[in-house]
Every structure is written in structure tokens, then in C-alpha cells.
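The feature domain 'Fe2OG dioxygenase' is assigned by TrEMBL to 126-228. Marked as Fe cation binding site by TrEMBL: 144, 146, 200.
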Ligand SMILES: O=C(O)CCC(=O)C(=O)O
Ligand SMILES: [Fe+2]
């Protein structure tokens with residue numbers, strides 16, 4: 001953006017970071033709220049992620065049924081996600097019981113849905129599983145649907161640290177049409193309603209973009225889900 005000062009006619013470039021990024025609806029039900037978490041909240045969540053990453057189940061790179069290993073590392077809360085099901089125990093990482101779903105994330109999830117869709121939707125939102133994903137500079141996530149849940153309640157996604165190029169596709173298949181958007185530290189993305197089962201993925205991270213003071217290298221993403229499984233002992 002170029003600014004011309006009124007008094008002396010000097011032209012200056014305004015840094016991108018000073019231009020507020022507007023809220024955007026990428027598709028019906030897919031709402032991006034930039035800078036939703038303030039810097040203090042971001043740092044608090046990073047500290048919580050550090051604690052969650054070490055136990056009772058350690059953060060690890062999930063192994064897929066075809067033998068491939070994901071480049072992203074993740075840890076779950078509430079329900080343990082492994083490709084492609086949920087379990088109360090970390091069956092692929094020593095079998096420990098997964099940590100309970102924390103109240104702080106339940107409240108955050110409701111606030112997020114309120115910010116995206118309004119208070120009525122938020123009152124119905126009962127997230128019971130969180131996936132905390134860590135991306136180093138080389139990590140990415142292929143196009144997929146979040147479909148191990150047995151409800152169509154929205155998914156809440158929070159980004160911390162390094163920005164990424166997030167690809168939001170269509171509900172039919174992993175191919176075009178898609179939209180590439182940047183998710184930066186503090187951004188909220190909610191996808192529900194007609195967008196709930198849209199394909200999505202992370203094309204790449206953008207090293208060097210983490211806010212100073214976040215005390216952390218790389219990208220963290222927290223997704224909150226409502227599995228529809230709570231009250232039962234296992235997902236299968
Ligand atoms: O890291 C992200 O922004 C997306 C994560 C994701 O799609 C998932 O965990 O299912
Ligand atoms: Fe996903």
C-alpha cells in the first residue's frame with residue numbers, strides 16, 4: 001500500500017503487517033478470522049502445546065496404513081487420532097490413555113464458533129477432541145477430509161508461529177477448484193455447514209514469518225472437533 005502524506009507529499013510504503021487482514025468467507029460455512037488470538041493468548045497456547053506434546057502420550061509422526069509416515073508431528077487430547085480412526089488409548093504410541101479434553105479448549109472452541117457463526121451455533125458446540133500438529137520448515141499435509149467424526153459439527157482451526165499456505169478445496173475430491181490462503185499466527189479458521197467435509201491441506205510453511213516473541217520455531221496448528229463418540233468406549 002502506498003501512502004501520500006498530506007503536508008509534504010512524501011510517498012511511503014506501509015508494511016503489509018500494518019494493514020488489517022479482513023475476515024473472509026472462503027465458501028459457505030468456511031470462515032477465516034485473521035488475528036483472532038492476541039499475542040498473549042498465542043503465547044499461552046504455545047506453552048500449553050509444549051506441555052501436551054510430552055505426555056501422557058508423546059507427540060509423534062503418525063504412520064499411515066500404507067506404511068508412509070506423516071511429515072507433521074501430532075498429539076491428541078480427548079480422543080487419540082491415528083490414521084484413520086479415534087481411540088481412547090494411543091494404540092500406536094505405547095497404548096497410554098489419552099489426556100482428557102481440556103476445559104480451556106472447550107471454551108476456546110465455543111468462542112471460536114461464536115466468532116465465526118454467532119452465539120446460537122456456539123451454544124450447541126461440544127468439542128471433545130483436539131489435534132495439535134507441529135510443522136517444521138519441511139512439513140506439509142496432503143489434501144484430505146476430516147471425516148473420522150460422527151457428527152457434522154464444525155472444525156475449529158487455530159494457527160500459531162510460522163505462517164503457512166493452506167489449501168481449501170471442494171467437497172467432491174482432492175483436486176481443483178481450491179483456494180490457497182495464508183494462515184498466520186493467531187488466525188482462526190472454522191469450517192462447518194456445507195464446507196464441513198471439504199478437502200484441505202497445508203502446501204508449505206513460510207519459514208521466517210513467526211512473530212517475534214512467540215518463543216517458538218515452526219508452526220503449530222490446533223484443530224478442535226466434535227467426534228460424536230464420547231459416551232462410548234472406543235471408536236470401532
Ligand atoms: O495444519 C492445518 O492447518 C490443518 C490441519 C488439518 O487439516 C488436520 O489436522 O486435519
Ligand atoms: Fe484436516
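Using the three backbone atoms N, Cα and C, a Cβ is placed for every residue, glycine included.
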Binding-site residues (144, 200), the one with most neighbouring Cβ atoms at 10 Å: 200
CB contacts for residue 146 (Fe cation binding site) [other CB atoms within 10 A, all chains]: 17
8 Å Cβ shell about 144, 146, 200 centroid, Fe cation site members excluded: 143, 145, 147, 198, 199, 201
The domain 'Fe2OG dioxygenase' (126-228): DSSP-derived helix, strand, coil residue counts: 3 helix, 47 strand, 53 coil
